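Engineer: Take a look at the following structure, please.
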Amino acid sequence: MTFLLLLLFCFLSPAISSAHSIPSTLDGPFVPVTVPLDTSLRGQAIDLPDTDPRVRRRVIGFEPEQISLSLSSDHDSIWVSWITGEFQIGKKVKPLDPTSINSVVQFGTLRHSLSHEAKGHSLVYSQLYPFDGLLNYTSGIIHHVRITGLKPSTIYYYRCGDPSRRAMSKIHHFRTMPVSSPSSYPGRIAVVGDLGLTYNTTDTISHLIHNSPDLILLIGDVSYANLYLTNGTSSDCYSCSFPETPIHETYQPRWDYWGRFMENLTSKVPLMVIEGNHEIELQAENKTFEAYSSRFAFPFNESGSSSTLYYSFNAGGIHFVMLGAYIAYDKSAEQYEWLKKDLAKVDRSVTPWLVASWHPPWYSSYTAHYREAECMKEAMEELLYSYGTDIVFNGHVHAYERSNRVYNYELDPCGPVYIVIGDGGNREKMAIEHADDPGKCPEPLTTPDPVMGGFCAWNFTPSDKFCWDRQPDYSALRESSFGHGILEMKNETWALWTWYRNQDSSSEVGDQIYIVRQPDRCPLHHRLVNHC
């Protein structure tokens, strides 16, 4: 027995030692740290050209391409999406007939026996610009099929397409999420924002794949098609380069390039997306979000939402809430009412972890987009806090920042940890200036989000100023580097967050911390707070 105990101690001691070397939120709040800027890292923010073989069409006829997976509301169902046929772009375009080809997924637990079949629906969307000299776009046929009745934590093989046309994909596979319980979680959840399709993006995805995620969260700003004119001319700053255009144009083929580049990953690992400002894509008749809402499948119906712009889902013992910053969010809005109902239904004995995501951050100390989402914060922060939100992921700011636990700008041991992860690699390059740097505090009236409007960013700092004169207390760590993060739930109270930088080796850590829930110290406040 003594020998067995000694052997067990020797086996566990490296893990214990390693765990002790990683800080936890129990050690906080932390003194704010700024990692000095490495000026050599701003290059490579250049989009892949349409001649790159990774973005070119590699199928013929109506064979499926741009295959992707997304979760439904729980472990027993999943969405499979793909595109068939070729997009059209020109002054006059004629949409393909979505009823001309079937939407079928054949699947099973054995690669050589795909004995089950599911059918879904198909659609096309158009991006129309009724102005002289501008080109219109209509997509290939987009298919969405929901597979149901799946077993948890199980590998399934599948192929998609139309078997009657002999237009089927090769066989792919995915693993379903574990059942919702306090003891079962996805192995690794990759988190990335503001991805785009640059050479930096390729580095981000290469590093991300090395970490073998079971699920991917993309926190807005996907293809950056709206940095292009309809003829394919591009710029890092659309408004600077094209101030005279009659409407903010887009080049929709960039979405197809993005889907092709990502297929090797998204055909195996579910991708959950929330919209960013680059997905708005205004067109004729004031239509918005057409590409975003058409190309991805969302569990909005399953989660009681009426919009692709906000929804929720479970992944094991985690309840994820994906919120829309570019649709009404005030306390009289449909989204706010939906959020109240969604949070009220969460059973923390089944899904102990509550993780929220939306695009523009509430807690960021960079000059870029500083306090831009203050009105959303005023509307929703108390509600999310009262239901004990554990972690919040945001993008929009092209850098990395992790907060101390915070609520209403005050350090609070029961507040969420806010993580800005808008460093995926897009062509607008990194954010490098901080609002507390001398001369870098923006003019207050320039900060409100131009889409939702309104000004809510009143003075709030200890010296009653718009900006801090030092790195804010809520900011634990900030660094301007491209990268991605990995979230690993260890149990119902401990989660490991790791941030990886593109310039490092795939296994080198840029930031790492255990995020620890304290349900005994931080009981839920929703019965004490009036949200009427």
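Cβ from N, Cα, C; glycine included.
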Engineer: For which of N286, N459 does Swiss-Prot record the feature N-linked glycosylation site?
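Structural biologist: The residue tagged N-linked glycosylation site by Swiss-Prot is N286.
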Engineer: Which candidate from D214, D221, D464 does Swiss-Prot annotate alongside N277, H359, H396 at the Zn(2+) binding site?
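Structural biologist: Answer, per Swiss-Prot (Zn(2+) site with N277, H359, H396), from D214, D221, D464: D221.
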Engineer: In Swiss-Prot, the residues D221, Y224, H398 are said to bind Fe cation. Which of D194, D256, D436, D437 is said to bind at that same site?
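Structural biologist: Fe cation site check in Swiss-Prot: besides D221, Y224, H398, the record includes D194 out of D194, D256, D436, D437.
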Engineer: Hey, of the recorded positions listed (D194, N200, N277, H369, N491), which one tops the CB count within 10 A?
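Structural biologist: The residue with the densest Cβ neighbourhood is D194.
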Engineer: Per DSSP, to which secondary structure element type does N136 (N-linked glycosylation site) belong, with helix, strand and coil as the options?
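Structural biologist: Note: N136 (N-linked glycosylation site) is in a strand by DSSP.
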Engineer: Within 10 Å of the Cβ of H359 (Zn(2+) binding site), how many other Cβ atoms can you find? Include all protein chains, please.
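Structural biologist: I get 28 for this one.
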Engineer: Given the glycosylation sites N136, N231, N264, N286, N301, which one has the fewest other C-beta atoms within 10 angstroms of its C-beta?
Structural biologist: N286
Engineer: May I ask which residues of the same chain, at least 6 positions away in sequence, place their Cβ under 8 angstroms from the Cβ of V397 (substrate binding site)?
Structural biologist: P361, S364, Y366, A368, H369, V420, G422, A431
Engineer: Taking the Cα of N277 (Zn(2+) binding site) as the centre, which of the recorded positions listed as N200, D221, N491 lie within 10 Å of it?
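Structural biologist: Final answer, ordered: D221.
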